[in-house]
Amino acid sequence: MKGFLLVALPVLFLSLSTQVFGEPSIPSAAQIVQNANRLLAEGSYSAAARAYGEAIELDPTGYANYYKRATAYLSMGRHNAALDDFEQILRINPGFVQAHYQRAKILAKEGDFAKAQYELKAYVRTKSDSEAEELSHLLTVGEAAEKSALQAFEKGKWQVCVEHSTKALEVGPNSEKLRRLRVNCATELGDINMVYGDLSRLASLDPSTTYLPLQLSNIAYFIRASSQAAAHIKQCLHFDPDSKPCKAVHKTIRSLEKDAARVRNFIESGTYRQAIKILDGDDGLLVRFEKALDDATKPKDGLPPYLAPQFHPKKNSQMRLDLYALACKASVMANDFGEKGAHWCEETMSMNEENVDSWISRGERLLRVEKWEEAMRAVEKAFELSGRSQDILPRVQKAQRLLKQSKQKDYYKVLGVPRDADERAIKKAFRKAAKLAHPDVGGSEEKMAALNEAYEVLSNTELRQRYDNGDDPNDPTGGQQHNPFAHHGGGMPFQFFQQGGGFQGFHQGFPGGGQKMHFQWN
């Protein structure tokens, strides 16, 4: 008996709970529609569309629910789904002509002007209003513009094609056909911004493609130097996580951008040589960037290149300009005006003639080859482009002094050495010239004095630096007036004085009489 009670108790409880609580209630169609209406009003279009779908399952003949679901679909941009719902409405209730008008509007935006005209005619058979007349006019304009755009494309009239396809797209902005037509014509014109905008719209209209996001990421990174490149690659990988082309582009851009960020950080911190180290070399940032840019201009797997040749990628690449400008700045700030720095700065100037660092580099290099007036113009250009920066003013003043100096004494020319000659070369040149300048061998005291004056300046590190900066230590009108012969920090290889006697110190004497210069090796 006790066992029977233990078994019976759960059964009794279940029976009581069913009587008390009842079966789980199932919402009625009216309740579902009421909830869907609330969601639609709140802007929760996806949830509203699902709710209307549930109501339609309960009552497939209620065309009002199709209409409201179509409204939700339109708000979500699901135009094809909305078209299907409006078509279903007409099957249920052919007299509901408003569905024809809605289909006409959708088809017009899709660029299907002929079908839109058909739907609009079905609407105006029973009802005509100003909105329908306006739509009819727009469809006529759109059809004519599309026809003209196609004709212009066939004749290679790219600008005309762009103008007419633009007019047609004003009526049918969601038309992939018209959008691609304008892309083709704008590409021929090299209009990168228009192409980028249209490709972005096409990618949103067809998110299942991988080529468009790849093309967009390459344009965004190489041409526009935009952070949007990463977003486009994510779209590509979102659709196909295993896509090899998407992974390859992602890896390349990530590697380049990582090193570019390091270069920017080094330049900002003043460690210019470290920045140059990353930029330079066969595996340096600039070489890898140029290779990646070149790859983007080549067709792949039977598809067009990501960057059309009409874009002139090397000339118009903002990222290329940014990287070469960084390289130019690093070389200028490191006072590196050799061939490498010159190449970087000249490339920068070829893309942007208003880059300040490239003009500084050109000016400094012109100074080194003694083209004083050209150098003066270059550094003055940099000064003006910089907004008369006080950081550049010393370079202008230096060029001015050197230009003035060039019209006076040139100690390097006196010794016959280049401006970058080292101490040993200067001493050797002086000794050689002194043998020829001595009065006993056809020279003169004036020539010998000029040699001594030149050597005194160029053999002294401090005096030479002043002279190289345009301040002649022997010029009484210079910035620092003093007698450069008051000290011999650089060391004269000869000490001379007026006396009779031979020309000593060389392995062989020079015959002759009269006043002699006596030289003694240091």
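The backbone N, Cα and C atoms fix where each Cβ goes, and this holds for glycine too.
If you check Swiss-Prot, you get these features:
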SIGNAL    1-22  signal peptide
REPEAT    29-62  repeat 'TPR 1'
REPEAT    63-96  repeat 'TPR 2'
REPEAT    97-130  repeat 'TPR 3'
REPEAT    142-175  repeat 'TPR 4'
REPEAT    210-243  repeat 'TPR 5'
REPEAT    256-289  repeat 'TPR 6'
REPEAT    356-389  repeat 'TPR 7'
DOMAIN    410-471  domain 'J'
REGION    465-494  region 'Disordered'
Contact set, same chain, for the repeat 'TPR 1' (29-62): CB under 8 Å, 6 or more residues outside the stretch: 68-69, 71-73, 75-76, 92
Helix-strand-coil residue split for the repeat 'TPR 2' (63-96), DSSP-based: 28 helix, 0 strand, 6 coil
Secondary structure content of the repeat 'TPR 6' (256-289), with strand meaning DSSP E or B: 26 helix, 0 strand, 8 coil
